[in-house]
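Peer 1: Below is one structure. I have some questions about it.
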Ligand SMILES: *[C@@H]1O[C@H](CO)[C@@H](O)[C@H](O)[C@H]1NC(C)=O
Ligand SMILES: *[C@@H]1O[C@H](CO)[C@@H](O)[C@H](O)[C@H]1NC(C)=O
Ligand SMILES: *[C@@H]1O[C@H](CO)[C@@H](O)[C@H](O)[C@H]1NC(C)=O
């Protein structure tokens, strides 16, 4: 992958928030971080080397068999396919420092991938073993140094710490005790607030539990939505939201006192407008926007940056027809410019402002897409639905950023500003062309 193109693309997404000036000063820090991360991911190499020869042979035979039955998929926006799991991947999460992608599968492992090498041929990952169980859900802690998992058999939350050894490699250690079993129905989702103050778990009945980090239940919410199809913690860590059989999306604030002690869970606001049940929803990274996808055959974009305590309601920005079905998921790029919707094993990407359908991907996985999210910089969209993880370039996001810069260019007053914008637009466009022209295996 051409480094220049990569840098230009990263700058493009940052350009509108003034990252350009910082970029040069950042280089040194970046080099240090890269070296650190290379050391962390050196561990997998030693794991592979240490494998007994007999087992390797078995694995080779198995992988040959796998290849024969493997689902093939190609698309111009496909940046890479991450393959290491021997079972179906069930959940994905990016760390908030942007360095890692976690995935879990029904092969008793959680894998931690380095986001730096998404565009390389080889994709390094570290393996955390889930003893005698499968993790079905995984979420990073806010400091990116631990993750929580949901155990398929244990029916409970297990915390894993990511520990840096003296030689710089990362290793994983499960907390001595799992959280107690409390849910009475299959689990839908788990989350940790970015504030580090609580953990959430939600099941398909109408129950959401709020936990402290030690595994004590702080509160139990009955969503009263007949059944739940999705629930999540907002990226700002203030809110918990749920949707289900009823057409509304409900949002609560999890309130803490000045001393950090838990106070209460309070109703914050509802998103009302769909005419049928809501399959799922997503937030922008500052929690100021939400997108919802419903059985009524539309997705809706909402402005949720309101003072609900002063009786302000969130308001609807956009309603766009789309194909959806039971289990449809949605993702909103961090900057709110792109909406992604899944429908079975198909994927669609829309410009959030215009509602225009920009990209369609069919048969992305052999099974239905079961997780979908943008990376923290909005460069990639990733999804799972079989053993592989697909990583797509967020080309609609780049195009939207370029078009925003073109609007700024029209309004620009002084010559220096105009020239800078023209240069940035040119660089961004050629970087995008380069990335899209790069072949993927
Ligand atoms: C939710 O409840 C409705 C109505 O009772 C039912 O038709 C639907 O299948 C339920 N969905 C799930 C996922 O349980
Ligand atoms: C993995 O997913 C594929 C596609 O949905 C499915 O055919 C297969 O049965 C799944 N394997 C397991 C072990 O669940
Ligand atoms: C959200 O994402 C945008 C674009 O990537 C970034 O500039 C901004 O700093 C992020 N904000 C938060 C709160 O993470």
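Just so it is clear, glycine is given a Cβ too, placed from its N, Cα and C backbone atoms.
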Peer 1: Need the matching range: TrEMBL marks region 'Disordered' on one of 27-48, 49-70, 71-92, and I'd like to know which.
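Peer 2: The listed stretch tagged region 'Disordered' in TrEMBL is 49-70.
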Peer 1: In TrEMBL, one of 365-401, 402-438 is tagged coiled coil. Which stretch would that be?
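Peer 2: It is 402-438 that TrEMBL describes as coiled coil.
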Peer 1: Report the mean pLDDT of the predicted model across the coiled coil (402-438), rounded to a whole number.
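Peer 2: Computed over the coiled coil (402-438), the mean pLDDT is 89 on the 0 to 100 scale.
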